[in-house]
Amino acid sequence: MSIVTKSIVNADAEARYLSPGELDRIKSFVLSGQRRLRIAQILTDNRERIVKQGGQQLFQKRPDVVSPGGNAYGEEMTATCLRDLDYYLRLVTYGIVAGDVTPIEEIGLVGVKEMYNSLGTPISGVAEGVKCMKSVACSLLAGEDSAEAGFYFDYTLGAMQ
């Protein structure tokens, strides 16, 4: 739930107007909107690079994934793995734009561990791929922008633990 929605819900539950502190937090959130949109745009514009390089890093760190018997062995399965990484990058951009983890949670993380377990895919490999993408993505950003994006990658990784 965004800070705007959360503040309104809390104030309404208490039948009161928004407090000066709540209004200041909302103002700060609104003012940071341009920065969040810029970060999401950079990640979106570089999505192919982030996914490709993140995948390459994953396959170097975890050669078992692309070896015979591995979950990303063969051209088709490698493409499926990269498709999944792209999906998690997209979720991260949703969180950045919203300034909140709710879209990540509600759209893509509910049941993620169970899904991969049912497919026989080790969640640790998926998480490692997301970590690798975080490294690539954050290298494209500086300072606060990198920290902002990193937060949403870390949230996604936390749900995979």
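Cβ coordinates are placed from backbone N, Cα and C, and glycine is handled just like the others.
The feature N4-methylasparagine is assigned by Swiss-Prot to Asn71. Taken from Swiss-Prot, the feature (2R,3E)-phycocyanobilin binding site covers Cys81, Arg83, Asp84.
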Between Asn71 (N4-methylasparagine) and Cys81 ((2R,3E)-phycocyanobilin binding site): CA-CA distance (Å): 8
Most Cβ neighbours inside 10 Å, all chains, among the recorded positions Asn71, Cys81, Arg83, Asp84: Cys81
Shell list ((2R,3E)-phycocyanobilin; ref centroid = CB of Cys81, Arg83, Asp84; cutoff 8 A): Ala72, Ala79, Thr80, Leu82, Leu85, Asp86, Tyr87
Local backbone state of Asn71 (N4-methylasparagine), from DSSP in three classes: coil
Collapsed DSSP category at Cys81 ((2R,3E)-phycocyanobilin binding site): helix
Whole-number Å value for how far Asn71 (N4-methylasparagine) lies from Asp84 ((2R,3E)-phycocyanobilin binding site) (Cα to Cα): 12
